[in-house]
Amino acid sequence: MSLRPDLAAIAAHVAPGTRVLDIGCGDGALMAELESASDVDARGMELDPALVERCVARGLSVVQGDANTDLANYPDKAFDYAILSQTLQTATRPDLILDELLRVGDKAFVSFPNFAHWRTRAALMFGGRMPVTRALPVSWYETTNIHHVTIDDFRELARAKGARIECAWYFAHENEIGAAAANWRAEFAVFQLSR
Amino acid sequence: MNKAAASNIYDILDDLPLDSGQVLTGAQIAYETYGELAADRSNAVLICHALTGDQYVASNHPITGKPGWWERMVGPGKPIDTDCHHVICANVIGSCMGSTGPASEASDGAAYAMRFPVITIRDMVRGLMALLDGLKIERLHTVVGGSMGGMQALSLAANWPERAERVLVIASTARHSAQNIAFHEVGRQAIMADPAWADGDYYASGASPDNGLAVARMAAHITYLSEEGLTEKFGRRLQNRKSKSFGFDADFQVESYLRYQGSGFTQRFDANSYLYITRAMDYFDLAEEHGGKLANAFHGTSARFCLVSFDTDWLYPTAESRHIVHALNAAGAKVSFVELSAPNGHDSFLLEHEQLDRVVQGFVE
């Protein structure tokens, strides 16, 4: 089974035997990997009932819910890790979600597509149109990404929220790249945070 | 498999203590089983039935001759697969299909009638636990229930947490709302207003409050459906006539349908059982039993939970299931929840629904 690169980076850094909440867990690929490979107690939240059904059918504990509102129902520090992969940019208020992640989880993993990648910049600069790229494949009018964010924006948000960036991984074309000029070079990024 | 047979009867030898403080002496539980019990007794699935359900979950009903009420879900190769699970379904106490209820004989040889003690959902589960003790099943692989069956599954999980590994609750609630109680009261008053009810003492008379019970069923049946479902099924169509009769016959198809449902129901159900079981449901409030906080009911549970609701169910709407999910989250329990889309309201859990099948199969296997 091959995980999406951001999920693989997260999976590689979740300590075995811990409790994890995967918010926007999709079909449960990361949860299944964590449960089978590292004996993690994984719980999920997913908005799409068809995906929840697939998760339940594979034996995962997933609740149909909306990250914008339903995280409030989890107690403080109920999890060792709260994971938000490729969902931050779809949130009504990404800043409030980040607060909630660091409330329910001791640590948080956040992955998102970087709007400042050079392809996106070039598309906007030379095309003058909202970019449709490999990392952002959907037109502006039907994308669920309502809060586009760059790596530098996210670093700034983390700082403003008093969150410590413990680690970060950057990816271009499925491959991990170095941190140098990541805001130009990375198509997406994964951050590990704590507070 | 499809042949109706007299149910197995389990005699509860000890007195059954009840929430009211009374005890039920010499109670019997009628039950059906399907599929083989594994040598290590680890594959038992208890299915809890709804208000007017019975133990014939996957075999023909002995009175109506109709197929079991969840035959599409339970059987060889079905989502609850009797090729690998030992399925147990028992008639709850207070009911009328072989388990002790108001129509049963009391120690003086006459029917209990209204001398039957008022029971609760937890009392029903006490009866089921006594049955499991008798069957020497310490831990269920899964307890499953829809509607009132879901209340029993929740009560079992809360009060006997070590006895089920998995808890599947479909279209149910942790407490009866004012609206739920109100509809039940309409049904009870319809029965009690029938002169044949005779303060519940009708068993020896040969008459029974069928008219009242039919009205109770008609009112309740509306709550099991959705407006969308009724409109699609009947609309304003007339029943076997070209124009309105300007009278009070069943002009509309929906009237005819409800009358049919009402009178059919009286053939198989006891009016006093209807009073007692609706009362038990109205008294159900799992949080109240646990210091007013639902999360307390599930504190320290190691069971896995799965809750399912239907978007058109206005009897036990999705919010009720979410309320339970939030309590389970707060208690740190393993829980899954999904709201499924279905046109037929509360009854959807009994009807064809592929997504429900996949969820049940995935959770139970």
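Here the Cβ of each residue, glycine as well, is placed from N, Cα and C on the backbone.
Over in TrEMBL, the protein carries these features:
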ACT_SITE  B:S147  active site, nucleophile
ACT_SITE  B:D313  active site
ACT_SITE  B:H346  active site
BINDING   B:R217, B:D347  substrate binding site
DOMAIN    B:43-350  domain 'AB hydrolase-1'
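In terms of Cα spacing, the active-site residues B:S147, B:D313, B:H346 all stay beyond 10 Å of B:R217 (substrate binding site).
Taking a C-beta cut-off of under 8 angstroms and a sequence separation of 6 or more, B:D313 (active site) has the following same-chain neighbours: B:A171, B:S226, B:G345, B:H346, B:S348. Here the C-alpha separation of the residue listed as 'active site, nucleophile' and B:D347 (substrate binding site) works out to 9 Å. Per-residue pLDDT, averaged over the domain 'AB hydrolase-1' (B:43-350), rounds to 97. Listed in sequence order, B:Y224, B:L225 are the same-chain residues at least 6 apart in sequence whose CB falls under 8 Å from the CB of B:D347 (substrate binding site).
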